[in-house]
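What TrEMBL says about this protein:
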type	residues	note
TRANSMEM	25-48	transmembrane segment
DOMAIN	26-476	domain 'Major facilitator superfamily (MFS) profile'
TRANSMEM	163-188	transmembrane segment
TRANSMEM	221-239	transmembrane segment
TRANSMEM	251-271	transmembrane segment
TRANSMEM	292-311	transmembrane segment
TRANSMEM	331-350	transmembrane segment
TRANSMEM	362-386	transmembrane segment
TRANSMEM	392-411	transmembrane segment
TRANSMEM	418-437	transmembrane segment
TRANSMEM	449-471	transmembrane segment
Amino acid sequence: MGKLDALWQLSLLRWLREERQSRKLILFIVFVALLLDNMLLTVVVPIIPSYLYSLDQSKVLVLKNSTESQEASSGAFQTIVSLYDHTVKTVGSNATSRPTELVPARLPGTELPGNATCPESTSMLTNENVKVGMMFASKATVQLITNPFIGPLTNRVGYQLPIFAGFCIMFASTILFAFSSSYALLFVARSLQGVGSSCSSVAGMGMLASVYTDDEERGHAIGIALGGLALGVLVGPPFGSVMYEYVGKTAPFLILAFLALFDGALQLLVLQPTKVEPESQKGTSLLTLLKDPYILIAAGAICFGNMAIAMMEPTLPIWMMETMCAEKWQLGVAFLPASLSYLIGTYIIGKLAHRIGRWLCALVGMTLVGISVICVPFATSIYGLILPNFGVGFAIGMVDSSMMPIMGYLVDLRHVSVYGSVYAIADVAFCMGFAFGPSIGGSIAENIGFPWVMAIIGIMDILFAPLCIFLRNPPAQEEKVAILMDSNCSMKTRSYSTQDPLYQRDSLDQDAEGFD
């Protein structure tokens, strides 16, 4: 058996070496990296609000008990609170007192096991909106700051080294999440994740765009990669809530750490991240890309579309605890319809958007996001959240799977075909949604309520949707028209317009004649 195992391992290593340049294997690595990143992103959604609330309540209970102990220090009895099993031990101070008595106690707003009730400390629960929102926003804020450096870096050193660095940082963040027991350490872990996520997302998307040069194939590949993102978003909240309910806070993060080790080992075997492989040509500067109005429209759709779910993440669980008396496991399961529909949306639209028009998919998606988000506060139970959350997830999937390929297409059409910087812009847009969404959403929810938060972001999405019409037929640069007309060119980039292909070719011919 030992020889068979050795032979199997040797065959596996030989296959990995032979398939090192396989586009499918690279796609799988990016898929796993995005899966890990977004599982860690969303697994904290049901854990952090409840965990921070319990920490604050424990501090209040300890302070209250300390005050009562000082007042009763001259009496015959004193009480000791056990935070482990939430019991109060009454201890006699003289030999004639009764034996030690255990009196069940409960934290404010909780019942004994088996009974569920709404939290009593609604003011403290409302204040959690800001703390949770700031923590959730810290990851996206750090990622937002890091992205402008990662994009140009990939042009100099290649995509392999940054994506491996992202794995290392993500692993450290996961371990820190597992063993942190204070708000400050959890905040640091969330911020550290932003650096790792920036490396993984920018380098991963740029790598896919560089190996899938055909626009239709690129759209399909990016749709599959976004499926990893969607699967992480799908599995994260229910996985986190169930594990937190029955196992504890540490367990889900340790499992994610093992997943990170698997991805890192695969990257070492396939990508060889020790090699520096810069791009063969100098890419367009980040500032020039930011001045392109078509890239800004695509980035805006990504930002405002994802801002909707970003605002829901910290505020929806607290709103459910306050109005629905939701239990811990329900806080994560509420996001399950959105996650599942996002997975469906990215897969379906990733395959069909090229045929029906990516601009149209984005326009419909933005409108549907706005309508679905506005309907969320009308739910009176967890079952009433199923339909609007399903609509939110599917619509965001339409936007992401349409706009990500468009970003690469716009670079091919209007700039130099080097993709690190443009996907840094795409990731910046994504991060802006998840940076401003939780922080602003938490503050608005504290002051005017959760329903108004959903109404504001819903109206913003609906108003932004018509701008996607400008992405229907973006103009190309003169030299890019010549490249697109060259049938011998290795970069066979195709238009995503809904017009007939023959008409597209005639249009390009007429444009080229006009330039002469």
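Even glycines carry a Cβ here, placed using N, Cα and C.
Just so you know, TrEMBL annotations are computer predictions that nobody has curated.
The stretch in 163-188, 221-239, 331-350, 362-386, 449-471 that contributes the largest number of Cβ pairs under 8 Å to the transmembrane segment (25-48) is 221-239. Among residues of the same chain six or more beyond the transmembrane segment (418-437), those with a C-beta under 8 A of the stretch's C-beta atoms are 136-137, 139-141, 143-144, 147-148, 150-155, 159, 194, 198, 201-203, 205-206, 209-210, 279, 281-286, 289-290, 295, 298-300, 302-311, 313, 403-404, 407-408, 410-411, 457.
Long-range contacts of the transmembrane segment (163-188) within the same chain: residues 29-30, 33, 36-37, 40, 44, 48, 52, 55, 131, 134-135, 138, 195-201, 203-204, 207, 249-250, 253-254, 256-257, 260-261, 263-264, 267-268, 271, 273, each at least 6 residues beyond the stretch ends and with a Cβ under 8 Å from a Cβ of the stretch.
Beyond its flanks by at least six residues, the transmembrane segment (449-471) meets 293-294, 297-298, 300-301, 304-305, 307-308, 311-312, 315-316, 318-319, 358-360, 362-364, 366-367, 369-374, 376-377, 406, 437, 441 of its own chain at Cβ-Cβ distances under 8 Å.
Sequence-distant contacts of the transmembrane segment (331-350) (same chain, at least 6 residues past either end, Cβ-Cβ under 8 Å): 42, 45-46, 49-50, 219-220, 222-224, 226-227, 229-231, 233-242, 309, 312-313, 316-317, 320-321, 361, 365, 382, 385-387, 389-398, 400-402.
Here the transmembrane segment (392-411) has Cβ contacts under 8 Å with residues 205, 209, 215, 218-219, 222-223, 226, 229-230, 233, 284, 289, 292, 294-295, 298-299, 301-302, 305-306, 308-309, 312, 337-346, 349-350, 353-354, 358-359, 361-362, 364-369, 372-373, 376, 417-419, 422-423, 425-426, 471, 474, 493, 496 of the same chain, all six or more residues outside its ends.
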